[in-house]
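As structure tokens, the structure follows; a few thoughts come after it.
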Amino acid sequence: MSLVPQRSAPPPPSSSANRAASSLAFQPASTSNSASPTSSSTSTFANGSSSSTTAYRPQPTINTSVSALQGPRSGLPAQTGLAFSVSSLSNNPPAASPITAPSSALPWSSQNPAASGSTATFPPRPVRSNTAGPDTLHTISSVSASQTVAPVMVQRSHSSIAAHQASPSLNQSSPTLDADGPASLTTQSHFVHPSRDRERSRDGTTTPGSRNTFKSVFGGFVNSMSDVFSAQKKIEISTPYDPVHLTHVGFNSDTGEFTGLPKEWQQLLQESGISRQDQEANPQAVIDIVAFYQDATQSQGGSDVWKKMGAAKGNKAPATPRTDTSSEDGIYRVAPQPVLYEKPRTAPAPPGITHPNRPSEFGSPDLRQPPSNASTSSADTALRPSRSTPAPGAAPPPNAKTTSSSNPPPCKPSPASRAPDAPAAVSAASKNAKGPGSVPRRRETKKSTIKDSEVIAKLQAICTDADPTKLYRSLQKIGQGASGGVFTAYQVGTNVSVAIKQMNLEQQPKKDLIINEILVMKESRHRNIVNFIDSFLFKGDLWVVMEYMEGGSLTDVVTCNIMTEGQIAAVSREVLEGLRHLHQHGVIHRDIKSDNVLLSLQGDIKLTDFGFCAQIGESQAKRTTMVGTPYWMAPEVVTRKEYGPKVDIWSLGIMCIEMVEGEPPYLNENPLRALYLIATNGTPKINNPENLSNTFKDFLTTSLDVDAERRPDALGMLAHPFLKRSESLRTLTPLIKAAREQTRKS
């Protein structure tokens, strides 16, 4: 037996007929010196179902003898179970006297074992004729506190009950107050079957008179389910506590010096070509780009970014040759080992000064070099011809032979006999790097946290389980990287030419980028995106098969030819179409540049190299990670702000300058100073802008807007009037052939 406090609803009013029908009651065992509040007690039996209700109204202090509730009493027949009533209600009431009534008036006596301390006993089951009808409802009379009334008891239908089984539970309700008088006392002895527990309301009280119908059962189920789900509260995550700020870099405007700047950063600024005046003019930009540099050198993917920028050159003159040690290992880009297998690409320089070219990187894959010359190509030490910006509508030279005699050849790759010069240049750069003026050594790249077993499992899930050597024939190597080689091959049965990139997974530092690129390529089917064909995991090597773009990359075209505005517009339109498709599917490319735009001999233009692309969703509409090639980076990326797909629009604008001038802005600057100029100069300036049409200049200004909010998206840029001047893509064919011809001569 348990006492569970519950809140009971106010008793419903009862008619006088109901009160007359139930005139037999008994006095409870509890004694009190004052009026007691309303209370209810319920006893539930496991076997059987019956209920009886005894109601009390506000009344003076009731004092009854405890012996009246114990065993057979004088004046009452033994084991009759007849109730007794209180003869008067006063401060000193007389002892309870029995009420003469037929023995069939009540089926048993209501005793309070808890009050008497004895075990409750019950009479045999009453006959059916002496029980109340099935339609009899609980009735509780409503009277004032000053009236004298006997408790009212109404019987509900009874079923089988164990004669001497104790009640498994006793619920004591909480008191209620009557609006018109003192507290009322209502006690219920409610014997119910366990199934009637469904009739309880949500707050735990019993609703007398409610029927065990489908509605009540369903309501109880809904209430119980709502209680279950409401109990599952959302986990609260606390804010960080006890944070420790170890390094804080500030700027003292009085002294014009930075405070708290580590020595390595101070040396880096001194060697980067950022003057003291620059630091005083834009202290916040300096702090941003130094922090950017630090993040890049310590992050997992930072090594590729800075390798793309080339080795730092200290405080060298702007015309100092840029030694590129690019070794980006995208899926379809070969990471060159030293300088071999790199395409020559030089920056403009004054006449008479020779320097190594800016080598372009292998695309997706680098199919710019014919197979016969792939293993003999080397860095070019020849002079990069000075070029003037073409006037609008000027036709480009179809090949090297038609170039004006007043200008040097547009592109002169070095022959194979000049190959030893490249190692010499690399050796010289290595010696210079050991000097006191070199940039501090970069921290070693941390190993990827992803386990090899996880990579293998993911690759096996997305790769075809077959032997690629039986599906492709005549593999011919056209390039070699740190992690594998690039081959051309023919598909067995169809004789279709394909490009295959082989990668040794053990030598691949960023395996997660491999998986990312394969997934993006498989899901991005578009005429302006390089078509992914298949992938294989064969003998520990990953084979990625894609369509063969025999025209090479756009880098070959811009370094060896002068493009017209119509051709630039055509290339920009095709790139924007590919970007629109990616952005609509929640993908940011993040590395748009001429090296990642491949061409076919018919002039088809397709994007490649999705190793740095990012998937964005509703919960991550902006990103802050630093990836891409810094010379093509938007200011919001350099300054480590949140960015979105519009960073690709900025990179497209830089690529347009690349198509005009042959190289991106700040290419010959120290890498750190280049970042400083991107962050502070805003829209880069173009040489000889008077040679460009107003429409083209507006296109550049719009795409290179420093404010990312004002910068249009890919769809908005496609509506620009400049793209209406696009020429046919077939006009690019002569430029592609000219670049390939120069490559063969090398």
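Glycine is no exception: its Cβ is also placed from the backbone N, Cα and C atoms.
If you check Swiss-Prot, you get these features:
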type: REGION; residues: 1-138; note: region 'Disordered'
type: COMPBIAS; residues: 15-54; note: compositional bias 'Low complexity'
type: COMPBIAS; residues: 85-105; note: compositional bias 'Low complexity'
type: COMPBIAS; residues: 106-121; note: compositional bias 'Polar residues'
type: COMPBIAS; residues: 128-138; note: compositional bias 'Polar residues'
type: REGION; residues: 155-212; note: region 'Disordered'
type: COMPBIAS; residues: 156-176; note: compositional bias 'Polar residues'
type: COMPBIAS; residues: 194-203; note: compositional bias 'Basic and acidic residues'
type: DOMAIN; residues: 237-250; note: domain 'CRIB'
type: REGION; residues: 301-451; note: region 'Disordered'
type: COMPBIAS; residues: 370-380; note: compositional bias 'Polar residues'
type: COMPBIAS; residues: 414-430; note: compositional bias 'Low complexity'
type: DOMAIN; residues: 472-723; note: domain 'Protein kinase'
type: BINDING; residues: Ile478, Gly479, Gln480, Gly481, Ala482, Ser483, Gly484, Gly485, Val486, Lys501; note: ATP binding site
type: ACT_SITE; residues: Asp591; note: active site, proton acceptor
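Shown here: features listed in Swiss-Prot, placed on the structure.
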residue : record                       : Cβ neighbours (10 Å)
Ile478  : ATP binding site             : 25
Gln480  : ATP binding site             : 19
Gly484  : ATP binding site             : 23
Val486  : ATP binding site             : 27
Asp591  : active site, proton acceptor : 28
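With respect to their backbone Cα atoms, Val486 (ATP binding site) and the residue listed as 'active site, proton acceptor' stand 21 Å from each other. Cα separation, Asp591 (active site, proton acceptor) to Gln480 (ATP binding site), rounded: 22 Å.
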